[in-house]
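Lifted from TrEMBL, the feature list:
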- 1-26: region 'Disordered' (REGION)
- 115-136: transmembrane segment (TRANSMEM)
- 164-185: transmembrane segment (TRANSMEM)
- 215-233: transmembrane segment (TRANSMEM)
- 276-299: transmembrane segment (TRANSMEM)
- 311-333: transmembrane segment (TRANSMEM)
- 363-384: transmembrane segment (TRANSMEM)
- 497-516: transmembrane segment (TRANSMEM)
- 537-555: transmembrane segment (TRANSMEM)
- 598-618: transmembrane segment (TRANSMEM)
- 673-691: transmembrane segment (TRANSMEM)
- 698-721: transmembrane segment (TRANSMEM)
- 733-758: transmembrane segment (TRANSMEM)
Amino acid sequence: MANITKKVSWSSRGDESGGGERTPLLNGSEEVRYTRQLSGDGGMFHIGRLSTVDLEEDMTSDEDAGCPKEIPHNEKLLSLKYESLDYDNSENQLFLEEERRMSFLGFKCLEISRWVICGLIGFLTGLIACCIDIAVENLAGVKYFVVKQNIEKFTEVGGLSISLILWAVLNAAFVMVGAVIVAFFEPGAAGSGIPQIKCYLNGVKIPRVVRLKTLVVKVCGVICSVAGGLAVGKEGPMIHSGAVVAAGVSQGRSTSLKKDFKIFEYFRRDTEKRDFVSAGAAAGVSAAFGAPVGGVLFSLEEGASFWNQMLTWRIFFASMISTFTLNFFLSIYNKKPGDLSSPGLINFGRFESDSVAYNLYEIPLFIVMGAAGGLLGALFNILNYWLTIFRIRFNILNYWLTIFRIRFNILNYWLTIFRIRFNILNYWLTVFRIRFNILNYWLTVFRIRFNILNYWLTVFRIRFNILNYWLTVFRIRFNILNYWLTVFRIRFNILNYWLTVFRIRFNILNYWLTVFRIRFNILNYWLTIFRIRFNILNYWLTIFRIRFNILNYWLTIFRIRFNILNYWLTIFRIRFNILNYWLTIFRIRYVHRPCLQVMEAMLVAAVTATVSFAMIYFSNDCQPLGPDQSEDYPLQLFCADGEYNSMATAFFNTPERSVRSLFHNPPGSYNPLTLSLFTLTYFFLACWTYGLTVSAGVFIPSLLIGAAWGRLFGILLASITPDGSIWADPGKYALIGAAAQLGGIVRMTLSLSHVLVVDMVSTS
């Protein structure tokens, strides 16, 4: 099944000069061009050809720091980053002369070297398969043992939620390790790697697909994925692992280690490397399924488009060495040296001749099952395709939301700068007002003191006028006395009389003038009193204003200091936002999407454990634990003594052991409801799981789904007929269902038939 998980980018017009030839669209249409002008530093952002990029390839270093080039994707386009491999020898004059100078002995040495390299490829691939099998069995065994002991402990006393949490945490921990090393260290190791190897063998140069780092991450990732309980298998990644081994051994050097061993230099050509990668892929199939001929058929059917007769025998030799190496080391590990009974990573056990015998009337049923497997496989692929598209578009939506947050933070940054500058301006205006009020205060104090001085001067004038008044009164009375004397004198002296009258009248006039002046001074006195009291009132109002201004001054100081504190907090927020901006840019380019991928993988692991636990918990399918049962981790749970939960046989096991139990457990080991629920649940779990950023294969989940509904089909056939014994063992139908489901998903025929029928079934 093709892996359609891709990353997308824009290829700008400026890149066309150095980008080589243009890659046409898949549908043959013209290139789509867009041009947009964005404000900011006067720059232009040109959007050129829309292209897709492989997820495993690192982003280019020439991207603008402020605007990443990752944008919405279109799965109909080819990547401009992919190049083609040169599988045609350039038969020029120099090449022909070099070939003519090669002696017969040199030619034979090259042929021997090819066989030696194929042997090394088979040996190393088998060794890697052995390590994967041992690691998975041990890690899964420890996990299921711990969870089983915990479930048995809390079944009696209650608290099975702790067992559920333990199971989910263990699954998530294993998957987190596997997803982290894939997402952050080598994205090229994601998935099974079969689509990438198919592309490589057909001339598409996918970067970093056959590197040593990819091999290490692939091996560790598949161990963690399978041990983490995901609905995946460890057989598919063996094809990629064998191809990486072949690419490294045949070149005699390692680009990851930057080490050149100066051997096999003649084979450092794309043509030779392609042939050895074909042998590595076949060795991987052989190690996974114990089928050397199946490995050759896989490379011929699904892999290379370039083939010859000698390549067939060399690939078959590498496949045999791979199977033998795995078998030999597993026999030593199982403490049975020389017992070569484990030819591959998967061993479905022996089918007795009677159990796989069939009649003529069953052939139409097998055809119907094959058609059903094809339809279910097509449904699986369609659901997985749309799920992958959803993952891509979700990440793109998250990208645009991040861009919106970045621009919002930049706008907030400038608004904050504006507020800071406005507050600084307000601060200086407040300082000016404070100083102006202080100046006004001193002017008011000066006016108050001037009015007080004027007040005392007015008091002095009033008292002086009062004194002048009494003096005038005294003069008046003296003049009256003088009047009578004057009258006497007038009578005595008429002339003096008239003079005295004139003086009296003059003094009376002066008297009234003095009275007027006194009353005027009294009026001025009260006006002065009014002005004094008004000035006193103004004085207290000024004091109030001064104190209010002082209070306002301290409030302003508080606001200033608060604004300064807010300023530094804003600077901190701005720097935090700038740091967050660059971290966001970094996540967009390198971390952000891998983090989401790791979180999704952990979520799937936890959901898988939760669903499995719920299915086991609510299942009441209890079967007797007889001597012919071979369950590795039988769970009793709420069943009676001497019985086990059959749903746990399907979920609480590695996928390989679950397939083996569906093939070989006696009739009656499962009821139809158990198989129906398991098939439906595991189908959607496998669909969700395939496409995560983990190293995983789809072979075993496909076999398990097919075996489940195939066995269900056999049970239903036996239940609807009067004589159910004519349909023989339901394990036979489980085998047919597994083959149909696997063929429907991976679309293989010859190699699949050989793997399932010749190398695994014909062992009666």
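Just so you know, the numbers here start at 1 and follow the chain as drawn.
Every residue, even glycine, has its Cβ placed from backbone N, Cα and C.
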Task = State the residues, same chain only, that lie 6 or more residues beyond the ends of the transmembrane segment (698-721) and have a CB under 8 A from a CB inside it; answer 'none' if no residue qualifies.
result = 1, 192, 231-236, 288, 346, 365, 369, 372-373, 376-377, 380, 650, 655-656, 658-659, 662-663, 667, 670-672, 675-676, 678-679, 682-683, 686, 689-690, 727, 729-742, 744-746
Task = With Cβ distances under 8 Å as the criterion, find the stretch in 115-136, 164-185, 363-384, 598-618, 673-691 that has the most pairs with the transmembrane segment (311-333).
result = 115-136
Remark   = Lying 6 or more residues past either end of the transmembrane segment (215-233) yet within Cβ distance under 8 Å of it, the residues of that chain are 128, 131-132, 135-136, 139-140, 143, 167, 170-175, 177-179, 181-182, 185-186, 189-190, 193, 240-241, 244-245, 248, 346, 601, 604-605, 608-609, 612, 654-656, 682, 685-686, 689-690, 692, 694-701, 703-704
